[in-house]
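J.: Let me give you the structure first, and then I'll get to my questions.
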Amino acid sequence: MPKRTDLRTILIIGAGPIVIGQACEFDYSGAQACKALRAEGFRVVLVNSNPATIMTDPDMADAVYIEPIHWRTVEKIIAKEKPDALLPTMGGQTALNCALDLADHGVLEKYGVELIGAKREAIRMAEDRELFRVAMQEIGLECPKAEVAKSLERALEIQAKVGFPTIIRPSFTLGGTGGGITYNRQEFEEIIKRGLELSPVHEVLVEESVLGWKEFEMEVVRDASDNCIIVCSIENLDPMGVHTGDSITVAPAQTLSDKEYQRLRDASIAVLRKIGVDTGGSNVQFGIDPQTGRVVVIEMNPRVSRSSALASKATGFPIAKIAAKLAVGYTLDELKNEITGGKMPASFEPSIDYVVTKIPRFAFEKFPQADARLTTQMKSVGEVMAMGRTFAESLQKAVRGLETGKVGLEPTGLDLSSEDDLVVLKRELKAPGAERLFYVADAFRAGFAVADVYALSYIDPWFLDQIEEIVAAEGRLVTDGLGSIDGARLRQLKRIGFSDARIAQLTGTNEVAVRALRRVLKVKPVYKRVDSCAGEFATGTAYLYSTYEEECEAAPSDRRKIMILGGGPNRIGQGIEFDYCCVHAALALREDGFETIMVNCNPETVSTDYDTSDRLYFEPLTLEDVLEIVEVEHPVGVIVQYGGQTPLKLAKALEANGVPVIGTSPESIDLAEDRERFQKLVQQLGLRQPPNCTARTAEEALVLAREIGYPLVVRPSYVLGGRAMEIVYGEADLARYVRDAVKVSNDSPVLLDRFLDNAVEVDVDIIADREGQVLIGGVMEHIEEAGVHSGDSSCSLPPYSLSAATQDDLRRQVIRLAQALNVIGLMNTQFAIQSNDDGSDIVYLLEVNPRASRTVPFVSKATGVPLAKIAARCMTGKTLVEQSVTCEVVPAYYAVKEAIFPFAKLQGVDPILGPEMRSTGEVMGVGRSFAAAFARAQEAGDIRAPQPGRAFVSVRDPDKKRVLPVVLALVERGFGVVATAGTYAWLQQNGVACEVVNKVAEGRPHVVDLIKNGEIVYIINTTEGRAAIADSFSIRREALQHCVTYSTTIAGAKALVNSLEFRGTGPVWSLQELHKELQV
């Protein structure tokens, strides 16, 4: 069936901000869908609230709306753009839920919009746990025994039938939010209450336990003529009980017999037919009892998913692109598989002759209070994928791609001769955490047999054999040393994935010595192509991975090449914003006639799409792996300043190995990062920093702190995302920090800065060229005060309260800094501004980062200036004048960026903001005034607007004066006020009628009781010092559990209260309309 001619305009809904369970894989699928549909001549309208995505670039769709993904807002867009169809399968759970809301509220019917890709009934049947179970029974497939409950009483009745342990899965939530595994009645009641509250339809599935069963996924694509193909089978190394997003997964499945594989293949196709997914990709999950072979269907997603991004990258088959074309009427046999140059139709099932391993990346170090055990609720923030000719090779490559500091299956640090530590080891094997893989390796070091490890972990013995093999090879290396290794043995070690760095660790040498030995013995990797057909057809697409075999398929050209190093796995502090910059660099330099080479190992991203750059190397970002690629490709320049801290850490070593690093020199990067050298530069330029110093011992830290004065911001040097950063208010606090939080030494000193209380923080992004010309990209004023990590603070462009004179002063300082550091490309600078009593401002320089920052995409969207593209051209030698961009663009509207946090997913974590970054994503709102833009950003971030009721106020002494106008504004809007004793006295004194309530420590009834009883609608709570923060923890946590809006800074509270009247009001603007205003 050729494409439909009755559709002209198609609306695509994106996935919104990056959250746990929904990361940049939907930017990848959405961007593919936009490109595919526009190439077919359709007009595409896109809505997505996340400015850090490639899909929201103005040239990705005909009309791009960075607006809240709520049915009311989307209705305004539908009324304005009049689409013929809505494609809801590219934006994850967010888009599906929004599409169902639009259908349920009659919006689609009212405007005559057709759902394509997945029908309303199909979405409902797949997402509604009870309907799905009944549907499976009708086609003779089993689900785990389970029933749906809409109340705690009903849940307890079902639990009595299925027994403990019990699995709880809320309906219509993302990444298993609100779910879990329970072993006793108390846990059961807790999780049921939470699940019912977090499910948008207030229902949960109470399910029998299939813990320890094997888990498999099938990625299926089906067209309107009922042609079905299996793109990929995926096996979870971790058994059932760990969310598939948190499991180590392997493709293709390794431990299925052919008969079992055919059985799952037939079952997954039957599931798609029954649910009614008639065009597009779906993912079906199965559990298999290893003892009896019983197969159950766990669930299916009637959309592209995290697994389909993985399957696409693993096979080279672009699922989202194909799914988009199937949704407009094509059939699989009419479409070509582009990776083979169109030699095969898309109806050929991909076949692969290598093994792919995905390992998730966690961020528990950011949330020490979180429960780090892995369950059915997803907790990972990113993932890494690696390819090899054997499972062992791809596993070890993935481990070093994770960037957790491990270069192989390193020991966990347990003393394996101690009885106590062996108890810990057994517990870690039984109750999985983020590091379980390393404990498995430790178990073999401790002499456990495969059967022992299986009995504790239920990881299939086939995988355990492979890990045992790696550990045995390590043992032989330790005994024999580097001197005894010949070419054959070294090649064998490389074939099972050993890195040079790991071999060096085991033989007590260094990486340089191992590399030199490899050179002498001529042991070098070759590069193989990913072609989706196991080499059956020749492919012109250069999508490559390394392995140690005979024939190399890299076939490099002799064109001028630029290599871009990506950011590796997503994590807190280094996310999609950096991938956005890498993609822009590839696109711009490709337009300029360079051959672009991307190196990255994150399967979720647009940068690892095989048609983003000319050549893609899917490899870990380590010195060894990058140098090998450089040797094959000989680029004229390598860009390290776009992938965050990951490639920056390699800059000096690359330069030392003769690699041409372009842009700002590694020497300048080091000057900006080295505190003492940078301090001298700041003094030479006559700029002002907060009083600060560097301590190399714990004693020195305490002495220097007395000179600077408290409060202090303390942190280790060289960190991204404020890792291990803290504000300390006194000597006892500092002593604890240098004792517990960091190991202070000559090589890793600790940095002390005077903390500027109540200062306004400002971010400035600029581009500089080789002639020292500087383009100001944007000046952003933070809404939260200094002391909240810049990545966690909301910010406004242009600034909403800074005077023009102060803004000009900032511009002058930034230009001088960029010139002094010889920046070529992007630079981000952070300032803090303190107001004097006479109204004048003092500007303090906080830090300079001569690299792409996480605000680049936001600034580009707000101003219409593609900063990353312009800066990439500056790095290859073009000046700003040659690119005709010399003037800063300051919009007449306001754009506000709001950070999105994972607190709901992580039980036990304090949602207070501080100097350590904890947000996973961001949204953007635009308005004609700051308050209107802030309101739109809050809507996009799903932050509830408090309706008049009782507001609870409890603030530290320095904030009492500043909270008064905020409280008066609340009273004016009809709110009542409840406060703790000190705040109550101050408000009473100033004529505010309010009630007093106990702090938690003062006895009951206290404020937490009021929150639990639903008597509080809004909370303003500021604290300082560890003790006060700990005392008020339960207030913030209960507020989060009961979905009560809260502010932990005065500036945040003021912005929120002033924006309430703008909630849900105002027209919607496309980026194209906004950018047109800027060009007038």
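One is the number of the first residue shown, and numbering goes on along the chain from there.
Any Cβ shown, glycine's included, is placed from N, Cα and C.
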J.: With R715, R754, L756, E761, G787, V788, H789, S790, Q830 listed by Swiss-Prot as binding ATP 2, identify the candidate in E667, E673, E676, E847 belonging to that site.
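T.: Given R715, R754, L756, E761, G787, V788, H789, S790, Q830 bind ATP 2 in Swiss-Prot, the matching entry from E667, E673, E676, E847 is E847.
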J.: In Å, how large is the greatest distance between any two Cα atoms among R715, R754, L756, E761, G787, V788, H789, S790, Q830, E847, the listed binders of ATP 2?
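T.: Farthest Cα pair among residues binding ATP 2: 18 Å.
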J.: Whole-number Å distance between the CA of E215 (ATP 1 binding site) and the CA of G787 (ATP 2 binding site)?
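T.: With the alpha carbons as reference points, the distance is 45 Å.
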J.: Near H789 (ATP 2 binding site), how many other Cβ atoms are within 10 Å of its Cβ?
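T.: Taking all protein chains shown, H789 (ATP 2 binding site) has 21 Cβ neighbours within 10 Å.
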J.: Where Q285 (ATP 1 binding site) and E299 (Mg(2+) 1 binding site) are concerned, what is their Cα separation in Å, rounded?
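T.: Cα-Cα, rounded: 5 Å.
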J.: Excluding near sequence neighbours, so keeping only residues 6 or more apart in the same chain, what lies with its CB under 8 A of G787 (ATP 2 binding site)?
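T.: Set apart from G787 (ATP 2 binding site) by at least 6 residues yet with Cβ under 8 Å, we have V713, I727, F755, L756, D757, G914, P915.
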J.: Quiz question: given the binding-site residues N301, N849, which has the greatest number of C-beta atoms lying within 10 angstroms of its own C-beta?
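T.: Counting Cβ neighbours within 10 Å, the top one is N301.
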J.: If we count other C-beta atoms within 10 Å, could you say which of the binding-site residues V242, L756 has the fewest?
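T.: With the binding-site residues V242, L756, fewest surrounding Cβ atoms within 10 Å: L756.
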J.: Enumerate same-chain residues with a sequence separation of six or more from E208 (ATP 1 binding site) and a Cβ-Cβ distance below 8 A; give 'none' if the list is empty.
T.: P144, K145, A146, V162, G163, T166, I167
J.: Taking the binding-site residues one at a time (E215, E847), which has its Cβ surrounded by the most other Cβ atoms within 10 Å?
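T.: By the 10 Å Cβ neighbour count, E215 comes out on top.
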J.: Just give the helix, strand and coil counts over the region 'Allosteric domain' (943-1080), going by DSSP.
T.: 71 helix, 20 strand, 47 coil
J.: So if I draw a 10 Å sphere around the Cβ of Q830 (ATP 2 binding site), how many other Cβ atoms end up inside it?
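T.: Result for Q830 (ATP 2 binding site): 19 other Cβ atoms within 10 Å.
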J.: Cβ-Cβ under 8 Å from R129 (ATP 1 binding site), same chain, 6 or more residues apart: which ones?
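T.: When sequence neighbours closer than 6 are ignored, R129 (ATP 1 binding site) has A146, V148, R169, S171, E203, L205 within Cβ distance under 8 Å.
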